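> Pasting a structure below so you can have a look.
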């Protein structure tokens, strides 16, 4: 039985693509191990899939003060020693890094022990960990073309959940719909405050011309409820702290307004759901560049956060109808040609053949 260690943690954007790859390999008879940290969400998510998870002590560099930054080299040495013990014990045939700081110690040790190392970068702009490890890999897999500029790079897309890939094509979902446009507003699991305070006002102006399904997060729930309730008797809306079944929400929607995380962008492109992206203003603007290809093919629009306001959204929505959205949807879906999980699985099998 062949063995793989998947290194991923910290955010769902690293973890869930790794889990889809893990499920594919398990179905082919592989034994999958996971390398993460005990303090982050991978410690709660990964064991639910029956995958053995091993822990190292490591944290990221963002938001650290000078004293904490000075301690990082020592912590990295400790984490590398922990990763060394884990890799020696498991003796994997290959190691896969999904990005994020947790993949760095294992990546370093895999190189020193001459274990095949491959990485997957979900974003259009590569993260620091993958930039570092890309110099020591057998293959660099990337969701977007020209992200990691080496001869070892292969564009494979992002691994998507089966609940997403099983959805009907967008024009089959809403071609025969009538009535108000169905608009899904998603600000991430924590909500997005600029969305939360904008869309009650949008509902007030557009009233029954739209239907809103708004994921508001857990902050200020009562305030947001009151904002929607005030003067919005004619508006049609549903608000919830968190949407557990995002596939159901995608199926319902004609249009989504959201951030531009890598997985969200890939899911939207695959199912053909027209989008208005409001990229989070990271320093490297990676969310903008995630969304940019969809804008260029005519399947999405981008509003930078500094330009985002009620009037801009209302103007955009007034200029949209289902006929225009169907055209956008077809452009999105026809542009997605990658079978990511199948391709990644084959790459792993070929390297370890």
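Every residue, even glycine, has its Cβ placed from backbone N, Cα and C.
Keep in mind it's a predicted model, so treat the numbers as computed, not measured.
For reference, Swiss-Prot lists these features for the protein:
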BINDING   123, 161, 189, 243, 262, 263, 264, 265, 266, 267, 287  UDP-N-acetyl-alpha-D-glucosamine binding site
> Which number gives the other C-beta atoms within 10 angstroms of the C-beta of residue 287 (UDP-N-acetyl-alpha-D-glucosamine binding site), all protein chains shown included?
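For residue 287 (UDP-N-acetyl-alpha-D-glucosamine binding site), the 10 Å Cβ neighbour count is 25.
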> Taking the Cβ of residue 262 (UDP-N-acetyl-alpha-D-glucosamine binding site) as reference, which residues of that chain separated by at least 6 in sequence fall under 8 Å from it?
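Looking at Cβ-Cβ distances below 8 Å from residue 262 (UDP-N-acetyl-alpha-D-glucosamine binding site), excluding near sequence neighbours, one finds 13, 122, 123, 124, 143, 158, 290.
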> Name the residues of the same chain, 6+ apart in sequence, whose Cβ is under 8 Å from the Cβ of residue 266 (UDP-N-acetyl-alpha-D-glucosamine binding site)?
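In sequence order, the residues whose Cβ lies under 8 Å from that of residue 266 (UDP-N-acetyl-alpha-D-glucosamine binding site) (at least 6 apart) are 143, 157, 158, 160, 336.
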> When neighbour density is defined as the number of other C-beta atoms within 10 angstroms of a residue's C-beta, which of the binding-site residues 123, 264 has the lowest density?
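Each of the binding-site residues 123, 264 was scored; lowest Cβ tally within 10 Å is 264.
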